[in-house]
Structure formats: C-alpha cells, structure tokens
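Engineer: Pasting a structure below so you can have a look.
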Amino acid sequence: MTEINTTIIDTKNFRSLLDAVNSGIIIQDHNYIITYANRSACELFEMEQDFLMGRRVHELPFYAIHEDGSPFPGKSTIRLLKLMKGEPLSDLVLGINSASKKIRWLQLNSKPTFYDGTNSVKEIVTTFIDVTDKKRAEGDLHKVTGKIFSILDSMSSGFIIFDNEWRFSYVNTVAERIIGKDKNELLGNIVWDVFPGIVGTELYIDFFKDMSGSNTFVTEKLIPGDNIWLEIMANKHDDGISVFIQDITERKSAGEKIRQMASIVESCTDAIISLDKTGSILSWNEGAARIYGYTAGEMVGCPVDRIIPEDRRHDVNKYLHRILSGENFVNLDTRRMTKNRDIIDISLDAFPILNSEGEITGVSTIARNITDSKQAEKRIQENEEKYRSLINDVLDRLTIGFFILDRDFRVVWINQTLETFFGIKREDVLGKDKKQMIRERIKFIFEHPENFESKVLSTYSDNTYVEKFECHIIPSGERKERWLEHWSQPVSSGIYAGGRIECYTDISKRKVAEMELYHANSKMINILESISDAFFAVDDRCRIVYLNPEAERIFSVYGKDLAGKNLCEEFPELSATNFCNLCYLSMKEKVPVDFVDYLQPQNIWVEGHAYPASDGLSVYLRDITDRKLAEKEVERKNGLMQNILEKAPFGIYVVGETGNIEYVNPAMIHISGDTYEQFEKLNIFELETYDEIGMSEMIKSALQGEPFVQGPVEYTSHYGKKTNIRNFIGIPMDDNGKRKVLVFVEDITDRKKAENALIESEERYRTLAEAAHDMIFICDGEGRILYINDFAARKLKRQPKDLIGKCWNDVVGNDRLKDHLCSLSKVIASCEPLYVEEEVRTSKGRFWLGTWLVPIKDAQGYKNSFLGISRDITQLKLSEMALYEAKRQAELYVDLMGHDINNMNQIALGYLELALEMLDINGDESVLLAKPYEMLKNSSRLIDNVRMIQKAKVGNLKKQVIDIGKVLDEVRNEYLGFPGVDVTINYVVQYESNILANELIKDVFMNLVGNSIKHSNGLVTIDIRINKKCVDEVQYYEVTVEDNGPGIPDSLKSKLFNRLNRGNTGVRGSGLGLYLVKMLLDDFNGKVWIEDRVTGDYSKGCRFVILLPSEDHGNVKNNIP
C-alpha cells in the first residue's frame, strides 16, 4: 500500500493556508492583544492587518451590538471571563458598525489553546463568519410573513392552512371565532385529533370524494350543536391545503386474486407441496409433477414418504417438527426419489400454513432440483484440490496475513505472514476452533483484547457482512509491535462456502506517519477545529488528508475513516456537482475558486472556497442551508399568498400611488363585471362612482398610512352594474418603499335580496295572524311569549306589549306547571304537533282553551320554539262533563243488571230445572216449562255478553300469552258434552300456537261455534282448522270455523258483525254475539270475515275466518286488507 507523504508545515505555509480561509481568524494572547489576523478578518473589519496587530479588540474604531441591540460585550462579559478560564465561546452573534457605516453581522467562536503543558490560557483563537446575508434573508422572511398574516387577519372570512399531514399551520382571527378554539390549541396539531367527531361525517366523506378528482372543494354545511351554517372552500396546493370558511348563517336564515395466485403456483417450475400435520400430501403443483414424475391425482392424500429415500426419512420428521414447533422457515439440502426410482438432490424450503385464527394446520414446502449444481460443485472441488498447492505457495509470499475458516469457523489454513504477525505456528492452529482460540489466546496479544474479541466474534454470529478495523499488537519475545488493519468477509462459494476469510495488513508505517503529521500540525488542527466552517484537505491525487469536525458533520463520517481515500469515490453522488467540478478545476489550473452548490446526499446548501497548494487542495465549506430555506420560504409564502388572493371568495385589488390598479383577483372581476384588461386601464382617482361614495379620498388617505372601512353602500360600476357592498376595507402597504393600498370588497347583493324577501314574507304572515279569530301566540323553548295576536290579548284582557316575554303558564294561570312544561318538552323533542286542553283564569272569570302546539323549525332545522293556536272550548267541556256523568249512570245500571238481575235469573232457572226433573208431566205440558227455561238462559247469556263488552271497552283485562290450539280444544269439548245438542266437531289439536290475548278469546270461539249450532237444523257438522300465515312479514294464525248449516247470503255477510244486526233466521237472539266477536278481535289486533263453505253457493254452509297475530307480533296493528 502506498503510504501518505507528510511534511511539517512551516510558518509561511501555515499563514498562507489561514489566509485562504473564508472565515475571519484572529489570534490573541492572554492579554487580549491581537498577534495575528488573516485576510478575511481584515476584510470583515475593513482594516489593514498592520493596524490590527498589537491592538486589543475593544480598542478598534468600531462599536458592536448584540442581536437585541444591547452593546457588546455588555451581557457577554461573564462568557468572556469564562473564556480566560479555558471554556470555549460558541455561536455568539454580534453586529459591528464599520467604516462603511453599515451593520455587518458576524457569528463568533472562540477557543483557548494551551501550549506550555499547564491549564493556563496561552492564546485565544477566534473565528468570525459573515452572516449578514442570512440575517437579511431572515428579516425578509419575517417581513413577508408579517405582511401575509396582516392581510389574512384582516379578512372577514375564516382562513386556515393545513400542511400535507393535516396539521394546522395557520389560523386567522375569524377562523378562531368560528371554530371556537384559540389558535394556540390548534397550531401544530392534526385536525382529526382536535376534532375526532368530524371523521366519517357527511362533510368528511364529501370532502375526500371531491378532492380526489380536483384541487377545489366547495360546500355549505350546518355545524351540529353550534347552530351555524358555513360556506367552506378548500384549495389544494403543493404544501398542503388552504381553507376559506364563511359564516353564512345570516343568509341561511333564508375473488380475482385467488385465481391469480393459483395460476402462479401451478406455473412455478419448483415443486410446491403442502402437507398436513401427519405428513400427508394436501396439494401437488405442476412443478412437482415435472420434478418427481407423479401427477397430482397419484399423490394427493398419500404420505410424503413415497418420494423420500430410506436414508432420508428423518429429514421429514426434522423439518415438520421444527415448523410445527413454531419456526417460520426451515431450509435444508436433501435428496428425493422420482417415480423412475432416480435419486435427485434438492434444496427444500418449508413454511407453516396458518388458519384464520393464526393456528398452524400444516406445512408448505418449495423444492428445487439442484442435482446439476451439486455435480458442478463436485467438479469445482476437484479442480480446487489441483490448484491448492499452487495457491498456498503464492499466498505464503504475500505481505498480508490470512486466516481461512470453514463454515464451523475452524482454521483451514494460515499463511507465513500471519505466523509472523501473531507469533503462532500453522501446525498448532489448523483444525482448531477459531472462536475458542480467540477467547483463550489470540485476543491477549492485542492492546485492547475485549474490543478485539467483540468485533471478531460478532462476524461469526452474523456471517453476512464485511468487517474492517485497526488493532495494535503488543510486543512479546520474537513477536514485534505492529499496527494491523483487520479486513474480513464471508466465503460465498466453493468448498468453504459459509466460512470466512480474514486478512491482516501491516499499517505500522502509516500510523507512525499519521502521528508525526498530527504532532507537526497540532496548532493548525486546533485552529481548524475551532472554526465553524467545514474544512478538508486532499493531496494531489484527491485523497483525503484531513477533515475538521464541521466537515465530518456535513459528510456524516469520521475523518480517520476517510483518511487516504478519494472523496468522490466514497461519495459518488458528488461527482456530478458543481462543487466537485470546480475543486478539480482549482487543482488543475492552480487558481482559487468560489462556489455555491446543493449537496444532495447531505441535503444541504454550501458556500465554499477552494485554494490550491503545491501538493493538493484546501477546501472551506459553509453550511448556508438555513439562509437558502429562508429564501425559499419567502418564495413559497409569496406563492401561497398569490394562491390565497386568487381563490378568495371576496374581491381584492391593489391600488398604486398614482391611483392605478396594480392587481385584481377573480372575485373582484365577478363583482364589478369588468375584465382584467379594463381594470388595467382604470384609475381610481378618475372614477366618478368612487367620488360619489367618498372612496377616492379614503384611498388617498390610506396611501398616507390611514386604514379605512366604508360601507355598506350600493356601488355602481363605471358602466352601470349595481352591487350591494357590505364593506370596503383599505389597508396601507409598503412594497419595498412604494406606498400601496390593499382593498377588500364583500358583495352582499344576494344577501340583500334574501333579507328583503324575508321582510315581505314576515309582514304577510303577521297580517294573517292578526286577522284570525283564534288566539295565536309563539313561545320559546321555556314557554316565554315571543309573539301574541290582538285577539288573544283581548281574550286575556291584556295588551300585547304587556304579554311579550312573560311565561304562557303564568298568563293563563295554569296550576299544573309541571304537566305544562312536560307538554312543551314533548313538542320540542318529537317535532310533532300536540293538542292540550287547559283552564284559564282571568280577572273576569275562568274559561277552557283547546290549544294545538306546533314546533317551529329555524333556518338550520332546529326546533327551538313553538306556535300555539287556541280556541275557547268552554261549552264543549261542559258538554263532555254532562256526557261523562250520563255514562257513569249507564255503567251503574249495567252493573245493577249484570249482578242483581242475573242472580234472579239463576234462582228461576234452578226452580225450573227441579220442576222438569221432579214433576210427572207429558211432552206437550213440558214445553210450558222448557220455553221459560230457555228464555231465562238467553237472558243470562245476554247479560254476560253485555258485561264482556263493558270489560273490553274499559280495557280492564291485560293481555297474556295464550295457546290458541289449546283454547279451541276446550271449546270443542264443552259443546260435545252439552246435553241435547246433536253435533259433530272435527278438530285436530295443535298445541304451541301462541298468541297475545286475554281470557275473553275463548268467548270468541264459543260464540262462533254456538252460532253454527243454533242456526242449523238436525245433525250439525263443524270443522275447525288452524294454520300459520304470513302477511307483510307479520306471522298470523288463521283459524277457520265452518259448518253445513243453511249458510249466510252475501248481502248479510258484511252486516252481521254490526251491533244489533241479525239475519232473517228462524232463531231469535240479541244480535250481540257476533258484534262481541268483532270487537274482541279488533282489541287483539286480529280480523274476522265470512266466506261460503262451497264457493259460489252460500246455502251449503258458511266459513268464519279469523286471523290472529302470533305472540311476537301481538302488539302490531293489523294491516290485513
């Protein structure tokens, strides 16, 4: 290896080198006397070197200030005192007023040096960087930012800027008010974190749907809970999204992938086989068929042992066990047997098969035929044996020491050079475990044994990377002291594949040269390491000689790692940069060069100077990224400002000092109706329309620094278009010394039309309300009167103005305040009208009001008030009270009849039954007793029916689950056991037919069966059936009761269920039976109707059809046609 030639830098060369540095450098002794100042320092202070030498800094003819304007040193005195105690002074920024009377801003770094071996400060090296341009850029950025924020905060619309990650970047004052949060709570936070309730809403979905296809989104949305409508307009740009928010509440008051994967698996040339946990084959692809000769039909379901030679059966158990035990991947080289009994070499990869719960259900294997490659490796191994002796002889003569290790990291071979370096013999180490040798012996020949052991053993644990480091051998006996460079890498092929080769190069001479160079240049290095500029030096072959800490930071390397290496070879991305090309030019032409360039790999901007020397090049770099970013930020914010102005929903224009219009946005074009070309020709001071509304004088005042607000006005453009303007807002501007006025114009023409329409509509409805002869009033949600018409006020014996603001409950004198408030709450909550009746007390007496309460929705759809329309119902209430009293008396009579008369009937029936049994009378005479007996029984049945009707009407009986099948069985059994009745009832019991009814359901079917018996002559046959039926997704039980009696004509079928309607039958009755059936079924949400037993011939008998909803639908109102 070529060593680096070093020379001691003499004083002349040293000062020439410092003169080439872009940073100002001065050296002071411990008394602060300047002993040296380089060329850049003289230029910064605008003074000659001879003038500076021998003076103290505070004696120089200029004054210095801190960034806040305070004098220097001032508050830095303590830091300067610490400097004399040996503490460095870093990144102090100060401004100096030099001979040119301009402030120049410098960044200062001072560092003490010690030469005499003591802790006392001998000299102070101070470097200065001119940061005036950076300060100017920061000032421009602040100025532009302030101008933009001033404009944004003066908008009448809310304005928000989000970055590309949806963080709040800016929020103006109006947006703060609309959102209801302070900007300090918003800035820097992600909008979805601040307002999680937005996610998934209609606004959220519409926004992303629209923005996916364009850069603009416009919508009007109601903000729930805040009771405001917002017009939202969003514009997408490179840096994020800007959003205008306008409060418009005032105006509003008016399976393919699976097939692809299967195709890939089938077309794969490797054998892909899946096995279950027992080793049986689940799938077999075409690649497996080609390699093993078996088709999928021959192998699926068979054990995989069929293709495995006897001596390799343990392989399957091995990888199956490992995968089923939790390993994610197993690789092994093994052998398999084809259908032709040929043995082939394969490389097999095994993976687990997981179900949806993540459980292992089997193993998938991918096998590749490597028979040909195995045979090739064997031939290569034979060739290696032939040439090994020759290679050993060559390696023994190299000056680099070698270790060659196999895959188990045992020593296969070392050369003679390594024997010399380590002081070991080849025969003592061949076949030995290198890891054990390092721990027990080898590491102790090095200066830092634990460090050496850690670095080398790490390469054995992860044998995938190249390792390189320096190590120092300690002399002992015949073993000499040496500096070695360790270099090792894995062996990827051949018989030692998986092993490692380690090389050791003697770098002792280079280390000695480096130490000499370090000591010879310690003073220069101390200075270079204290400057804030990056510095590096290369020799005439562009190899790195030195990098200072700032250069190491920029290139993200340590100098010692790059020493002796070509910078552009280490960083090939730099080869195409202007910086690298100019450095080559400086070295070739022997001329200094200056440059500004962007270093992409380092992601920084640099300003630099390359200074050629006889044997290389010195390069100084200054990181100007902050300055460039500030300039770019100014440019970006100017672009953002332009975007804001172009997208703003209100008119904006800029007026120059002479009255000419220098800028107009699209919204202003729309408001005025002019074109851009027409605006370019206009002069504000010459427009009569502007003079009429006083705008010309206001703009002239604004040019003198006085802002203005003018409006609302009706503005007429110079060619006659009329526009309602709420505000003209003028803001003075200073554009690099030129006075201008920024004017905002808000068009409210549409709003004025809506307001006028609203006023006209309100007057029309007020006239209707005042002319009505009902009491009409409007109350808020708490019952306070907002409006009341004259008729209502007269009815209450008051004046309308005396009632506004009072609670309606207090006005009408209602004692039931709790019920009253509950009624109002129901109206507001349900959005449904509600009718209430209340008694009103006035000084003139009492009366009753019937009032409809109707909820009123505001423009946003919220119900926060209600309309009341009341009518005097005093006479109606008196009639109802009289009716109630009459009804109560009627119920008393029904109870009297149902109890007392029924008791008397029962006594008479008892005596008649005794008479029929005990008296010896013939048939004709018995009729005289049987007829009164039958009439008394009919009388009792009539009373029972009346009482049942009363119970059903009052609703005293609660519904319960009843098995209708069981009820029908009870009805059949009662009539079959009734004496004197010749009847056949056919019914197949069907239990668990549950409905929701009460105990009167049995009377329904007792009446129906009784009617069939009563109205038939001779033998009666009755058929009862029950079936399930679905009507409009509601389950019903359909019960049919049909007989073979005389039937019912069509003209009577619809009338029989009406009260006291009977057909022309020979049997007398009360007419309440079927009426009771209909009434009870209605109460059970069921239905009944009559059909002919034989369709079209009513004389063959009739069929009663009853539908009753099942238990689960018992409370559903019937919707049966």
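Glycine is treated like the rest: Cβ placed from N, Cα and C.
Values in this document were obtained by computation on a predicted structure and should not be read as measured data.
According to TrEMBL, the protein carries these features:
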type	residues	note
DOMAIN	10-55	domain 'PAS'
DOMAIN	90-143	domain 'PAC'
DOMAIN	144-189	domain 'PAS'
DOMAIN	257-327	domain 'PAS'
DOMAIN	330-382	domain 'PAC'
DOMAIN	383-432	domain 'PAS'
DOMAIN	520-571	domain 'PAS'
DOMAIN	637-679	domain 'PAS'
DOMAIN	761-806	domain 'PAS'
DOMAIN	829-885	domain 'PAC'
DOMAIN	896-1112	domain 'Histidine kinase'
Engineer: Given the domain 'PAS' (761-806), which of the listed stretches 257-327, 330-382, 829-885 has the most Cβ pairs that are under 8 Å apart from it?
Structural biologist: 829-885
Engineer: So how many of the residues in the domain 'PAC' (829-885) end up helix, strand or coil by DSSP?
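Structural biologist: Secondary-structure breakdown of the domain 'PAC' (829-885): 14 helix, 32 strand, 11 coil.
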Engineer: Note the mean pLDDT of the domain 'PAS' (257-327), expressed as a whole number.
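Structural biologist: Over the domain 'PAS' (257-327), the predicted model scores a mean pLDDT of 81.
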Engineer: With DSSP helix as H/G/I and strand as E/B, how many residues of the domain 'PAC' (330-382) fall in helix, strand and coil?
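Structural biologist: The breakdown for the domain 'PAC' (330-382) reads 12 helix, 30 strand, 11 coil.
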Engineer: Tally the residues of the domain 'PAS' (520-571) by DSSP class, grouping H, G and I as helix, E and B as strand, and everything else as coil.
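Structural biologist: Helix, strand and coil residues of the domain 'PAS' (520-571) number 25 helix, 12 strand, 15 coil.
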Engineer: Is it possible to list how many residues within the domain 'PAS' (257-327) are helical, extended or coil according to DSSP?
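Structural biologist: Per DSSP, the residues of the domain 'PAS' (257-327) fall into 41 helix, 12 strand, 18 coil.
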